[in-house]
Protein chains: 2
Amino acid sequence: MDRNLLLTLRYNGAYFHGSAVQKNAVTVCGTLQPALERIVGEKILIKCCSRTDAGVHAEMFCLSFHTKSSIEPQRLVLALNNSLPEALAAYACREVPPGFHARYSCLGKRYLYKIHNSPVKNPFLIDLCCHHRYPLDVERLNRACQDFLGRHDFSAFCASGSDVADRVRTITDCSLRREGELVSFEVAGDGFLYNMVRIMVGTLLKMSYGRIAPDAIPEILRARERKNAGPTAPAAGLYLKEVYYDLPDPEN
Amino acid sequence: MDRNLLLTLRYNGAYFHGSAVQKNAVTVCGTLQPALERIVGEKILIKCCSRTDAGVHAEMFCLSFHTKSSIEPQRLVLALNNSLPEALAAYACREVPPGFHARYSCLGKRYLYKIHNSPVKNPFLIDLCCHHRYPLDVERLNRACQDFLGRHDFSAFCASGSDVADRVRTITDCSLRREGELVSFEVAGDGFLYNMVRIMVGTLLKMSYGRIAPDAIPEILRARERKNAGPTAPAAGLYLKEVYYDLPDPEN
């Protein structure tokens, strides 16, 4: 009997050249696939919730695959963690309806961007945060974040060269918060363009220098020109935090 | 005019083969010394508060050196951080009396050992914690910690092969605490033998399996046999946290 399984992972992006399989690089799926195929005993086709770039982390990354294996989902998680490297961990596995697809069934995602805001770099945050040495007025920048909320064409916040046609996305939550030296940018929405979160952060950082006006975001969105937004912030601060699906409660 | 300077560092031990200079390995002092000599413009002799092994971290590591340079201590810190790698940061610098020696003037130290206590490894704690998958009864182990307090011969908690003659040390603080999945062992004392903290932790972990009795520490201390204590816990969990000196308050 063929089952469709949804697997949830967590990984440290510093150890991978992104999530998608590549011929000559260590990637998340390139590491996961052979381990998974050894356990289920057959070739499988993995569908991922999205792609992440080299250096980008995931607190939650989802993928689905069909398998003839009858392995119990909890056992699959244990077996995977016995063979995966420390930088990649399986957290949960459950059966989902046959038509479920980790990418096409996804209703939305939440990203977190971590900024270490301090004059001196912290040796224990290497690869885990973006370091920003100049003071950040978090309250003011958080007000600017509110301009991202709602349904907009995010062409200005998409890496040039991306060939996605529909660039309209809906942002449901967007905020900047400080906890000591850690400044966290969080954004949730129904979908994200290539480099969109990193360009949003780069825009806020440029705003903090006074080189983008505090009220400029609505106009940048309207003009749909990549060059009006800020630079792409480094990969190391970015975490895929949650992936949303409409699924019945798991049976156990 | 010759001045004696005390410099405080922080480093991520995963990036170094220990603190002491080695011919063919990247070490803390091997990285610091050329950077420091370029800034003060002369050869210097560095005295360190202690040695740390490969993989061991320092939230605070102190060293002193004499220099003819008139550079202002705060400028020295800035200049160092401009040339040091991200894994090694300078935090403070101050002038100290001519006879001060980072090792011989040291009154005591505090170490922290971080245990990530969870069935599944956390990809974001690689090299920063020791992972322990089985449940820890922190309250019971914390009671056992109290047996380390006071003045004892710690021969049983010293790496075999160490040629230190006097193995009597005084422990002034010793505890085990839990904060969610993080279990922290903290110990302060007037001095520590080679691998002493890691063997203390290894003994507590072996106690957690029931393979050392909960009240066995006094007898292990008395017998002074390394084989009676537990194994040496991994380097990755260990942090030198504080170094104590009797110094006048800094002038500024």
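Easy rule for this one: first residue shown is 1, then count along the chain.
For all residues, glycine too, the Cβ spot is worked out from N, Cα and C.
A TrEMBL annotation is a machine prediction, not a hand-curated record.
Features of the protein shown, as given by TrEMBL:
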ACT_SITE  B:Asp53  active site, nucleophile
BINDING   B:Tyr111  substrate binding site
DOMAIN    B:12-105  domain 'Pseudouridine synthase I TruA alpha/beta'
DOMAIN    B:144-246  domain 'Pseudouridine synthase I TruA alpha/beta'
B:Tyr111 (substrate binding site): tally of other CB atoms within 10 A of its CB: 24
Protein Cβ atoms within 10 Å of the residue listed as 'active site, nucleophile', excluding its own: 18
Alpha-carbon spacing, B:Asp53 (active site, nucleophile) to B:Tyr111 (substrate binding site), which is rounded to whole Å: 14
Secondary structure of B:Tyr111 (substrate binding site) (DSSP, helix/strand/coil): strand
